[in-house]
Structures are given as structure tokens and as C-alpha cells.
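Written below as C-alpha cells is the structure these notes are about.
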Amino acid sequence: MFRYLTSGESHGEGLYVILEGVPAGLKVDLDYINHELSRRQLGYGRGERMKIEKDEAQILTGVRGGFATGAPITIKVKNRDYENWEKFMRTTGEIEPGREVTVPRPGHADLAGGLKYGHKDLRNVLERASARETAVRVAAGAVAKLFLAEFGVRIYSHVLRIGSVEVEYPGGLPEEELKKADEHPLRCLDAQVEGRMLKWVDRARENGDTLGGIFEVVVFGLPPGLGSYVHWDRKLDGRLAGALMAIPSAKGVEIGDGIALANIPGRMAVDEIYYENGHFYRKTNKAGGLEGGVTNGMPLIAKVSLKPIPTQVKPLKSVDIVTKETKPAQVERSDITAVPAAGVVGEAVTALVLMESFLEKFGGDRIEETKRNYQNYLQSIANY
């Protein structure tokens, strides 16, 4: 069974992830993991934290000589800002006063988390709830991408919307175009539309505001048959949507044409099936590569809508949990928009879900065993 668990706080010593079930023999490329971490820090409109942190991974366990041993893999991403926070975040001894939070920020987990766990200092909530945690999800996702690459699977993301400025690509984008997303400051592939997006970000910065948007994840090279239609909790679209919704600020997930399919007649909402040269195919991909919770061999496409980051430079009204007086909400460092970076996180969590699905389908304690099972499956469907 493949699974992962993260730990750590935003201003603690570091962030950690443990991955269990990675097949022995998989090549684990530290440079590639660090490359993926650097991609998460890309994007116009990022906050001051990105000037402090240059995320780099340390592989602590489960890898020897660059290859997975089959034991749990532990990865650490150090928080460089910890040296400024050690006296406020140390795990033993007394915590020095000065960084307490008693005024919750609307739109964050602060108040709900304080009520749930009984914290009187809401820093205990916001430190763990912070989007900083996604750094180790990206590190874990990099390992999953390395695994999927062994089977020819490629994952990309790009930005479709910032604020009210949106670009549409009827029929989707070719893989060669998607490879270029990181060359653009907002990871939007339409330069003209991106120019308008950049102006929106600048305007939001001037106004002390934040912006949400939409990113899209596209996966090529998946075989048909991942996931299941047999039980609700094994449907791949449900599991994928859950992982994408767990990205901070995510408020909606669409698979394929998603919500737009609700507005058209049924005959226009499905992808007709054709057969030629020994294989089944479709001329359209409105389903986004998933039918009945199972991959159908077409590219997997998912869109994620993000709300604006709720932390505001001009704080909103809140209530002090100690005095119960109305006060301005706590102000923390924040991005103007995190949509470009969230796309990279989206790639990572998609890769993790797909790796889990691959190992459920093909098994294998060793990567050679998984590959052999995969090739046998491809042969069986070729003869269908």
C-alpha cells in the first residue's frame, strides 16, 4: 500500500514527509525533487516569504545510493526563517512572548481550529494550517512523478484565470505548449491575456488586496483501467478531486469540461467511441479522461478554482478570543496570488493519487516487478 504523511510548521525547524510503499529500485533524483520545489516558488505576485526561503530537500531515510530501498522514505525541507523564530517556536523549554495570535483571521482555519483543539494562542493553528506545508507535498509529488515517468506518464499545469481575466482553449492544448508554462510569469500560455492578468495583480497589490483564479492539470500517457467503478471510494475522479480540494484556498474541482456539461444536451456532452488500427479512441475529451471513475486512455484533465488568499494587508473585522472585543484581524505575510504556484502543487497531488492507483492496479515490491505487471496488462488490453 502506498501512502504519505506530512508534518511540520510554517516557522518551525522544517517540514517533513514520509512516503511508504515506494517500490525498491526506483531511482530517486534529489536534483529533480529540488527542481520541483523551485517551481513551487515561481509566479508573479508572490509574497516576501519567497525572498527568504530557497527550498531544498534532504532525503533522510529509505534511499541508498540514489535508489529506493523499499523502506519508508523521509524527506525534510528546511525552513530558513526558523533562525528568526526559534525562540517563539522551539519544541522544548519556554516559548518567549511576542508572537501570540488571539485575533483570528476571517477565511482561515484560525478560529475553527482554536475551538476544535482549545488553543488560546492561535499560532498553534495557523502554523500548521499554513500553505507552507505544500512544499513537502511537492517534494513527495516529485517522487511520485519519478515513479510515473517509468511508465511514460507526464503531468503539466497552467493558469486559466486570475481574478476576472480568463483564457479558454477549446479542444485543449498540445503537450509541447504545456511544457512552456514555467517560461511565463503567471504560467499562463496566452501572452496577451497574461498581460491583462499582470495588470490585475499590480492593481491588487496597490489596493492591498488578493486575487484567486483557476489552474488546470493535464496528464498524458495514462493507460485505461486505473481506478474503479465498483465502489464509490475507489473511483479515481473522487479521489483526485479530494486531493485537489485539499490544496489551500481550493473551492472547486472540475474534471474535463465539468460544470459546462450541465448546460448542454446529453448527446453533446459525451465522447463518442471509435476503433481503428487495433485500438479504441475518442475524437473529443469532454470527460477529461475519466468515465465511471476509471481512466479511459485519454488525457486526464482537471481544473481547480481557488478563492483569493484571505489574509489581507488591510485587515478585516474580527474578535479577540480573550477579551471578546472587536479588533482588526491578525496580519501575516501573504501572496497577492498563489494560483501559479498552486498549479505546481496540483501536479504533485495528482501524481501522488495516480501513483497510489498504479500500485493498487499493478502491485510490486520492486520497480521491475511493477513494470513487468504493467507490460502484461498492456498486452492484455491490446488483445481485447
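In case you wondered, yes, glycine gets a Cβ from its N, Cα and C as well.
Keep in mind that this is a model prediction, so the values were computed, not measured.
For ARG40, ARG46, the entry in Swiss-Prot reads NADP(+) binding site. The FMN binding site annotation in Swiss-Prot covers ARG128, ALA129, SER130, GLY292, LYS307, PRO308, ILE309, PRO310, THR311, ARG333.
Mapped onto this structure are the features recorded in Swiss-Prot.
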residue : record               : Cβ neighbours (10 Å)
ARG40   : NADP(+) binding site : 24
ARG128  : FMN binding site     : 17
SER130  : FMN binding site     : 19
LYS307  : FMN binding site     : 15
ILE309  : FMN binding site     : 23
THR311  : FMN binding site     : 21
Conformational class of THR311 (FMN binding site) under the three-state DSSP mapping: coil
Greatest inter-residue Cα distance in Å for the FMN-binding set ARG128, ALA129, SER130, GLY292, LYS307, PRO308, ILE309, PRO310, THR311, ARG333: 42
Whole-number Å value for how far ARG40 (NADP(+) binding site) lies from ARG128 (FMN binding site) (Cα to Cα): 18
SER130 (FMN binding site) and ARG40 (NADP(+) binding site), distance between Cα atoms, whole Å: 15
